[in-house]
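If you check TrEMBL, you get these features:
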- B:20-41: transmembrane segment (TRANSMEM)
- B:80-101: transmembrane segment (TRANSMEM)
- B:122-148: transmembrane segment (TRANSMEM)
- B:154-177: transmembrane segment (TRANSMEM)
- B:189-205: transmembrane segment (TRANSMEM)
- B:233-254: transmembrane segment (TRANSMEM)
- B:291-310: transmembrane segment (TRANSMEM)
- B:322-355: transmembrane segment (TRANSMEM)
- B:390-414: transmembrane segment (TRANSMEM)
- B:426-449: transmembrane segment (TRANSMEM)
- B:456-478: transmembrane segment (TRANSMEM)
- B:503-521: transmembrane segment (TRANSMEM)
Amino acid sequence: MANTPAVLISGLTKHYGTVRALDGLDLTVRTGEVHGFLGPNGSGKTTTLRILLGLLRAGSGHAELLGGDPWRDAVELHRRLAYVPGDVVLWPSLSGGEAIDLLGRLRGGLDPRRKAALLERFDLDPGRKGRAYSKGNRQKVALIAALASDVELLLLDEPTSGLDPLMEAVFREVIGEERARGRTVLLSSHVLSEVEALCDQVTIIRDGRAVQTGTLAELRHLTRITISAELERAPDGLAGLAGVHDLIAEGPRVRCQVDGEHLQAVLRVLTDAGVRTLTCQPATLEELFLRHYQVAA
Amino acid sequence: MTGTLTLLRLALRRDRVLLPAWIVVIVGVVVASASAIAELYPQAGQRIALGVTIGAAPALQALTGPVFDASSVGGLTAWRGVAMTSVLAALMSLLTVIRHTRAEEETGRAELVGACAVGRHALAASAVLLAAAANLLIALLITVGLAGQGLPPAGALAFGLAVGGTGWVFTGVALLAAQLTEHARTARAIAAAALGLAFLLRALGDAAKVEMLAWLSPLGWAQRMRAFAGERWWVVALFAVAGAVLVAAAALVARRRDLGSGLVPARPGVTEAAPSLRSPMALAWRLQRGVLLGWSVGFAVVGLLFGALARSVGDIVGDNPQLAAILAAMGGAGALTDTFLAAELGLLGLVAGAYAVQATLRLQGEEAALRAEPVLATAVARRRWILSHLVMALGGSAMVLAAGGLAAGIAHGLRIGDPFGQGGRMLGAALVQVPATWTLAGIAMLLFGLLPRLTVLAWVALLAFALLGQLGELLQLADWVRDLSPFAHVPRALGQPLDLGPLLWLGAVTAALLLAGMTAFQRRDVQGG
Ligand SMILES: Nc1ncnc2c1ncn2[C@@H]1O[C@H](COP(=O)(O)OP(=O)(O)OP(=O)(O)O)[C@@H](O)[C@H]1O
Ligand SMILES: [Mg+2]
């Protein structure tokens, strides 16, 4: 059981009419890990989650959820997972407390003590009705409904959008506890610090394809290093070297970005030109993501 | 009011198909009726004979209003056309106004717009302008269309103004309704209830020959403008003033509330769900029970009123020797009462069709509002979710019909000293309408499964069936055309043994439609945001 991944997607495609939303996506989420799912707007994150929920029919490719077929075995699988949608809409005539109870029961039951604890920690008044909730409070209703059930897998689509920083911190705590209990989480997010704090593994998706996947440490390793140096004379052939990007050279003053694996060759050119000062900076996570997000990159 | 014109242009852009379609249908019905009547009843004698038959059937008058001048083509067209098209113009106006006011507020789009350089009342003003312009255009086109067929221009103008004027009054009704509640659905229900009440007052007034009642209803004014039968021009002022007063009242209410909120603040709810709220069925019941209750009460009230009236129908005719002869040929006063009651049940069946359509389309409403998604992401099979709302649609339409039939039977029975017998008889007769109403639920379900973006076609179907039922006989349409409507197959249930055949095959057609729709939904994508 521990060997079957919670989510296994390979070569998945999905078209909306002529719009290609997924274009050969690969994604593996191992049981017990918190997996960050990142990508620019419209890259296909929500589409992927909705296919996993059997709400959308996959095009070609393979998608497997908790060892089952997300479309065919939807009902059975849904007993074992909880979902927080990207747009939370509540019933105008139902209170938040009723919505939480209802969704939990439809999933097969929820733990009243956990629910009470979560209501307290997220500081939510369950007695309001649909529209009387602010955006953040609607989000909390969906979060509590998902977290109060005893399920194996959590599918969260931008779960902290609209939450204030205090509540975001509570969310991180709670997810940390869930991980400790061995639950698997697939977390789509635009909040990098959240991903950095919570996720064991990260997949970056762009235009419906995974462009990068691995642990954060691995991703960092693949990042570029920013180098700025003052040399004795202008360096020779730096522009032509493999792995050099965004080169700005003003005579002996040089600034550029270098792919990790080409660092040595670049340093050799620089030392040949006589190094006066040299700073090397690994890219921040943010730069890493931005590079993947930019279409031209 | 800054920005009103920009918003009006936006509204025109959004309604560029819908509004012209309404206008074409309304004007088309009028013009087609006039030309068909001129062709089918070319001699004044034929028309007068038709008028006498109509006069003999007050049941018909309850539905269509009095004939003021049966001798002319214009008079006959006005008799049949004004009652029907003024209801359509009212519907068009109230749907348009609420679509561009309360619905915009509910979705939050009004907020987006309101944050721009736009006056506080610009949204409402643009909606009113739009509806007013549409009604004016209808009045103009009807005038031109009827006069173009050689009918007297004065009558044509009065006809147009009667229809457009009714639309204008309901523009005001809808704008006021839109101020009262937070939800477009409720606002539509309030405005539609006002339209139902107007119809009821007019129908009662005409059937019981109580002029005062009919004058309480804008639909009554429309007929009493007497197009082609000695026009009463001052009624135009009545329309204009009533509409303006309603719009002004709406403006007053709007000043006392915030954007997005209603007049009555939302009450807090309970903190925990009742133990029974644990299935899709319980949710569907919870979401639809208020509407069902409202419809049931409405049907019961209509049933009571018409039931109480049924016996007098025979009396009114009984005074007139010429009509008495016709009556005897039809089977005596009892038969006439039965005809009246049967016509009333037929009307209720059609209206229950509207209930069935809207209850079925709750499915689509829930899906489009993204509220289906969280439910379907739990251990609820799509089939169960569908069935929960279908139970409300099918059970609910049977229930409202039962309420109407039972109330009519009891009221009628109390007058003739047999409340239980008549109650049972009318209940049974009302339930005979059920399979035809269910067919509409089937059509709505099929559309929801196959073409969720075109579910409005279910309403178009209902409208078409209503028009076929109202005009089919008069216009002598081919049998196969009239047979397209499920209501054409409802067997007579009063005064003769029931023919079960049509009920069975209507039921079978409905079952096939429902099944096809459900299968299609199980295979398609759930629409997302
Ligand atoms: N119902 C739909 N019809 C047509 N195109 C759609 C539909 N839903 C999504 N798309 C398109 O599919 C692509 C992927 O959308 P998706 O919602 O999965 O993106 P996302 O990664 O969740 O974006 P975001 O970060 O903005 O939530 C986008 O190009 C979007 O425009
Ligand atoms: Mg998304």
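Cβ atoms are placed via backbone N, Cα and C, with glycine included.
Between the transmembrane segment (B:80-101) and the stretches B:20-41, B:154-177, B:189-205, B:291-310, B:390-414, Cβ pairs under 8 Å are most numerous for B:154-177. Panel annotation: around the transmembrane segment (B:456-478), residues 25, 29, 32-33, 36-37, 40, 63-64, 80, 84, 88, 346, 350, 353-354, 357, 360-361, 440, 443-444, 447, 484-488 of the same chain, lying at least six beyond its termini, place a Cβ under 8 Å from a Cβ of the stretch. The transmembrane segment (B:291-310) shares the most Cβ pairs under 8 Å with B:189-205, out of the stretches B:189-205, B:233-254, B:426-449, B:503-521.
Contact counts against the transmembrane segment (B:154-177), taken as Cβ pairs under 8 Å, peak for B:20-41 among the stretches B:20-41, B:390-414, B:503-521. Residues 281, 284-285, 288, 292, 295-308, 310-311, 337, 341, 344-345, 348-349, 352-353, 355-356, 359-360, 362, 420-431, 433-434, 437-438, 441, 444-445, 514 of the same chain sit 6 or more residues outside the transmembrane segment (B:390-414) yet have a Cβ under 8 Å from a Cβ within it. Residues 382-383, 386, 390, 432, 435-436, 438-439, 441-450, 486, 489, 491 of the same chain lie 6 or more positions beyond the ends of the transmembrane segment (B:503-521) yet place their CB under 8 Å from a CB of it.
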